[in-house]
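Report on the structure given below.
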Amino acid sequence: MKRINFGIIFRILGILLCIGAAFLFIPTAMSFYYDEPEQWMFLLSACATLITGTVLATTLRHHRAINDRREGILIGVGAWLTFTVVGMLPFLGIGTSLPDAVFETISGLTTTGATIYEDIDSLPHGILLWRSLLHWIGGIGIIVFTVALLPMLNHRGGMLLFSNEVSGMGQEKLTPRINQTALRLWLCYLVLTIIITLLLYAGPMDLFDAVNHAFATISTGGFSTRQASIAYYNSPYIEYVITLFSFVGGLNFAILYNTIFHNHTRLFKAEQIRWYAGIVVAASVVITAGLFIKGEYATIEECFRKAIFQVTTIITTTGFSTADYITWGTFYTLLLMLLMFFGGCGGSTSGGAKIDRMVILAKHARNELYRVLHPNAIRPVLYNGKVLPQEVVSKVLSFTVFYVLTWVCGAVLLSITGVTLGEAVGCALTCLSNVGPGLGVAGPSGTFAPLPDIAKWILSVMMLIGRLEIFTALIIFTPMFWRNS
């Protein structure tokens, strides 16, 4: 194994800093437009980030190729840490404490949508826009954006970065060239963002709120410009628009692109999409029936709207809320927690363990049950009509085990800090799955502000681990990763 080339790692991180500075100038302009006191803080943060990135990128410009998978992993992890540092500067500038600023930034970048702010409506326009931009940047992945813009990366290097950032693409590569694939994904992402903005603006939202909620919807993030989230607008139209595009955000973007521009039936042939849609429909029907029987809302349409909104925003890990679903009852809360665990499709902006893996896991379990009665039977796992190699099934099993262990360990650590058991379990799951609302004080009608600082640090780490999909985050702590031979 070759030595790790730290030069190329820091060069690309320098380029990422320049990209981060470019994004920082957007809320800077917004802050100047509204003549807010934070305008100079934004400008200083953007300039400092740009200068630092330029120095790194130019000083190390002779480093051009990524040739080792470890370099791709370190760039991926380094990108999230780098953007965390850049992202928290505006929050620190308005007097937010360090643990809270780190939590809010990571929550934004990982599209978790959990917040520590208790009066979001009073936040400056620049800060509100920056929170939403963090979602949009982190949604499909800043690394994908970088691969799209840097043709100087060799194909192997681009592929290493791309595969670490976007899970579940499988055979859905859009073009033979990886940078073109990344560019088309971003263009698809941008077009969907514009469509959502226009649709929300056509309703009772002003343009500023429409842009912010479009960023948060397509990225399956969940930050709102209102403390009451989507419930503030009390608009069935807005709820249905966000439900629809949260569902779209949970789809595999490559499959979606291929369906629109190439094979119009591809979406319906993909097994993960059928399972994903089926779970959303089934859970929505069950909750709708329960709410209607209980008389929770006046009409069956309202029961259906509240149910499908919450089901869709939870399984896609968007995390918006129109109701405090904890008050619906224990069964419905547990059902929604199960959907938190599942998450959306691989290759989407969603968090969670991913529907793909859950389908493979269920099929493998069914085969094992069959072998109890027929020990000599050979029953491979079929996925999308193809036999999956055993190593793929083993990787899914390993991932699921590590995912559950991380959830349990996180809950235990939170309980040590004094958080109640229910809150510890709920907060650990919602942050690991990048959903947003948890249980108790951090539920859909609350915030994470009351939690102790140490709990916020733990949850910040869990959000990063969840976004990096376990293995990428854990592998760098093993001795074999750093061994050169």
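Numbers here mean position along the shown chain, with the first residue as 1.
Just so it is clear, glycine is given a Cβ too, placed from its N, Cα and C backbone atoms.
Small disclaimer: the values here were computed from a predicted structure and weren't measured.
Look at TrEMBL and you will find 12-34, 40-60, 72-94, 133-153, 183-202, 240-261, 273-293, 325-348, 396-416, 457-482 tagged as transmembrane segment. Residues or ranges marked as K(+) binding site in TrEMBL: THR111, THR112, GLY221, THR317, THR318, ASN434, VAL435.
Shown here: features listed in TrEMBL, placed on the structure.
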residue	record	Cβ contacts under 8 Å, 6 or more apart
THR111	K(+) binding site	HIS135, GLY138, GLY139, SER219, THR220, GLY221, GLY222, THR317, THR349, GLY351, ASN434, ARG467
THR112	K(+) binding site	ILE106, GLY221, GLY222, THR317, GLY319, GLY351, THR430, CYS431, ASN434, VAL435, GLY436, MET463, GLY466
THR318	K(+) binding site	GLY113, ALA216, THR217, THR220, GLY221, GLY222, ILE242, SER246, GLY249, THR312, GLY436
Original post:
Between the stretches 12-34, 40-60, 240-261, 396-416, 457-482, which wins on the count of C-beta pairs under 8 angstroms to the transmembrane segment (325-348)?
Top reply: 240-261
Original post:
Other than THR111, THR112, GLY221, THR317, THR318, ASN434, VAL435, which residues of the chain come within 8 Å of the K(+) site, judged by Cβ distance to the Cβ centroid of those residues?
Top reply: THR110, GLY113, SER219, THR220, GLY222, THR316, GLY319, SER350, GLY351, SER433, GLY436
Original post:
Between the stretches 12-34, 183-202, 457-482, which one has more Cβ pairs under 8 Å with the transmembrane segment (40-60) than any other?
Top reply: 12-34
Original post:
Same-chain Cβ contacts of the transmembrane segment (457-482) under 8 Å, 6 or more residues past its ends?
Top reply: 4, 70, 73-74, 76-77, 80, 99, 102-103, 106-107, 109-112, 114, 138, 164, 167, 351, 399, 402-403, 406, 410, 413-414, 417, 427-428, 431-434, 448, 451
Original post:
Against which stretches of its own chain does the transmembrane segment (72-94) lie, if we need a Cβ under 8 Å and a gap of at least six residues from its ends?
Top reply: 4, 8-9, 12-13, 16-17, 20-21, 24, 27, 38, 41-42, 45, 48-49, 66, 100-102, 104-106, 108-110, 123-124, 126-127, 130, 134, 137-138, 142-143, 146, 157, 160-161, 163-165, 464, 467-468, 472-473, 475-476, 481
**OP:** Report, as numbers and ranges, every residue of the chain located at least six residues beyond the transmembrane segment (240-261) whose Cβ falls under 8 Å of a Cβ in that stretch; write 'none' if there are none.
**Re:** 139-140, 168-169, 172-174, 181, 184-185, 188-189, 192, 195-196, 199-200, 203, 213, 217-220, 230, 267, 270, 272-273, 276, 280, 305, 308-309, 312-313, 315-318, 320, 343-350
